[in-house]
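Comments concern the structure below.
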Amino acid sequence: MEKLEGVIFDLDGVITDTAEYHYRAWKKLAERLDIKIDRVFNEELKGVSRMDSLDRILEYGDRLADFNATEKNEMADWKNELYKEMIVDIKPSDILPGMEAFLDELKQAGIRTAVASASKNAEVILQSLGIREQFDFVVDAAKIEKSKPDPEIFLKALELLDLPADVCVGVEDAAAGVDSIKDAGIRAIGIGDATVLRRADVVLAGTDELRLETLKSLV
Ligand code: BG6
Ligand code: MG
């Protein structure tokens, strides 16, 4: 009997390359605060919610105690406006390689799908990419209390799919995201660097390497 029944995808860096725009926007905000961030530090921001990302940057720059909640909200809003300008033209051709065909394959195999992204921009991005209808569920990030690496968001996805963890696989590009999947009891496919995505069950270099057989072999 086929066991794989559900696949839960991260969005930024898995379905489309918006992870790059998040990085560029955070880098600009950090520059305004005289904090220098690089791509190595950025691995610690991937998958993490907007406010938690800001806190990590301020802590990294030793400026966490310098701002109150109102100021921090203003900074997060500034970054988000910049980010939204960067993704205003996002379109179907920005879907990462192989992803559309893979989603079609899952649909044909009767496998249910969900998106578990920390991003409050997820719905808009999926609509702009023209693939919102490809997913059975999109977790509402606004209703998630604990940022990845906490498993809350992937547990919520399981609840929406109405499936147990052991018949599902999660796909992530972030170390925090892989931790979130694994702590929800789900098998994880990492997209990216195996030295970063240490807890993933399988690490692929890119989305074009996603194969149904690989996911089936994990459950
Ligand atoms: C995650 C990204 O998917 O969403 C993070 O990996 C981002 O980089 C987080 O900070 C929150 O996104 P948004 O769009 O709500 O600021
Ligand atoms: Mg991601």
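Including glycine, each Cβ sits where the backbone N, Cα and C put it.
Remember, it's a predicted structure, so these values are computed and weren't measured experimentally.
Residues annotated as Mg(2+) binding site in TrEMBL: ASP10, ASP12, GLU172, ASP173. Secondary structure at ASP12 (Mg(2+) binding site), taken from DSSP and collapsed to helix, strand or coil, is strand.
Taken from TrEMBL, the feature substrate binding site applies to 10-12, TRP26, 45-50, SER53, LYS79, 117-121, LYS148. Over all protein chains present, the Cβ of ARG50 (substrate binding site) has 21 other Cβ atoms lying within 10 Å.
What TrEMBL records for ASP10 (among others) is active site, proton donor/acceptor. Sequence-distant contacts of ASP10 (Mg(2+) binding site), defined as residues of its own chain at least six apart whose C-beta falls under 8 angstroms from its C-beta, comprise GLY47, VAL115, ALA116, SER117, GLY170, VAL171, GLU172, ASP173, ALA174, GLY177.
Counting Cβ atoms from all protein chains shown, ASP12 (Mg(2+) binding site) has 24 others lying within 10 Å of its own Cβ. Feature annotation from TrEMBL assigns active site, proton donor/acceptor to ASP12 (among others).
Taking ASP10, ASP12, TRP26, GLY47, ARG50, LYS120 as the candidate binding-site residues, the subset whose CB lies under 6 angstroms from any atom of ligand 2 consists of ASP10, ASP12, GLY47. When each of the binding-site residues TRP26, GLY47, SER117, ASP173 is scored by how many other Cβ atoms sit within 10 Å of its Cβ, TRP26 comes out lowest. Packing around LYS120 (substrate binding site) is summarised by its Cβ count: 14 other Cβ atoms lie within 10 angstroms of its Cβ, all protein chains included. Taking only the Cα positions, the spacing between ASP12 (Mg(2+) binding site) and TRP26 (substrate binding site) is 14 angstrom. Apart from ASP10, ASP12, GLU172, ASP173, the Mg(2+) site neighbourhood in this chain, defined by C-beta within 8 angstroms of the site C-beta centre, holds PHE9, LEU11, GLY13, VAL14, ALA19, LYS46, GLY47, SER117, VAL171, ALA174, GLY177, ILE191. For the recorded site, GLY47 (substrate binding site), the DSSP three-state label reads coil.
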